[in-house]
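Have a look at the structure below, then the notes.
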Amino acid sequence: MTTVLGIETSCDETGVGIARLDPDGTVTLLADEVASSVDEHVRFGGVVPEIASRAHLEALGPAMRRALAAAGLKQPDIVAATIGPGLAGALLVGVAAAKAYSAAWGVPFYAVNHLGGHLAADVYEHGPLPECVALLVSGGHTHLLHVRSLGEPIIELGSTVDDAAGEAYDKVARLLGLGYPGGKALDDLARTGDRDAIVFPRGMSGPADDRYAFSFSGLKTAVARYVESHAADPGFRTADIAAGFQEAVADVLTMKAVRAATALGVSTLLIAGGVAANSRLRELATQRCGEAGRTLRIPSPRLCTDNGAMIAAFAAQLVAAGAPPSPLDVPSDPGLPVMQGQVR
């Protein structure tokens, strides 16, 4: 049995999670502590890097103590941290702390990819991840990936050419007066609307477009133009706009993800990242995977957002695959590509 502590500080959530790796490869969640600074960013309409970094400094120590107490440990066998991608200052807080704990405890350090952590979070609820196509959707990233195993290099099939899906959600939510962060507020509003009342364009979905690339900038612009043109109409309903926008996003994401799994002959589709908590995306993915004969895996909403548990899970998978630790002088990398799971 090996215990792995994961630290996540890539954006505005301070996460400390602890996982247990058993000899048979099973990964069990022992502790998951998250402190968010989102309320401090609301008045700015987005994450302010300096505020996020200071919040991590204040929250990390208490979160560490709570996680160790919850797991019943004095120290773990391994320490891991998000090395990138993310906000430079925020990453430095978590990486510096993880290296210090690693040195003080005399345990190995693993520098892992934040995005790989999102993929790994699913193992807590559904067991070891088989070969799969993964749709990774969050506030800053939208990728379609071929994952043979979490211990091997990840193959990128496609990504967004402009806005990430989560970024589009936040911008449209702001346009509709829903505030920041907008993902959940827009999802809740969309449930009360008619998703067929307004049909918004599906970017990069034509026969000449890249089969696995995404674009949400045009959709965002279409929503803005619709609001500008119809705001004075007697029947103007923001719920219908939200529902139509959400349907356009979920339609393209699930269509391309299922298409990739079918084309590659891969039986499992994994959806991960913060946007994976969206109700319509989960519903439509379930429907389309059923029609295509694919197995769908999506973590519970609480594991879709940023947390330390996912970093612990990813590091545990690397340990199980025989990956060596990272050196303590490895630098953080705000632009780390999704294909590189570990920096060493």
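In case you wondered, yes, glycine gets a Cβ from its N, Cα and C as well.
DSSP classifies ASP306 (Fe cation binding site) as coil under the three-state reduction. Per Swiss-Prot, the feature Fe cation binding site maps to HIS114, HIS118, ASP306.
The substrate binding site annotation in Swiss-Prot covers LEU136, VAL137, SER138, GLY139, GLY140, ASP170, GLY183, ASP187, ASN278 and is backed by sequence analysis. The Cβ of ASN278 (substrate binding site) has GLY183, ASP187, GLN246, ALA250 as same-chain neighbours under 8 Å, each 6 or more residues away in sequence.
Residues or ranges marked as region 'Disordered' in Swiss-Prot: 325-344. Same-chain residues lying 6 or more positions outside the region 'Disordered' (325-344) and placing a CB less than 8 Å from one of its CB atoms are 78, 83-88, 91-92, 95, 99, 102-103, 108-116, 136, 141, 143, 145, 150-151, 153-156, 314, 318.
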- Item | Cβ-centroid neighbours of Fe cation site HIS114, HIS118, ASP306, 8 Å, sequence order | GLU8, SER10, THR82, LEU115, GLY117, SER138, GLY273, GLY274, ASN307, MET310, ILE311
- Whole-number Å distance between the CA of HIS114 (Fe cation binding site) and the CA of GLY140 (substrate binding site)? 12
- What DSSP gives for LEU136 (substrate binding site), in three states, is strand
- Rounded to a whole number, how many Å is the Cα of GLY140 (substrate binding site) away from the Cα of ASP306 (Fe cation binding site)? 12
- Query: Given that the record lists LEU136, VAL137, SER138, GLY139, GLY140, ASP170, GLY183, ASP187, ASN278 as binding substrate, what is the largest C-alpha to C-alpha distance among them, in Å?
  - Reply: 18
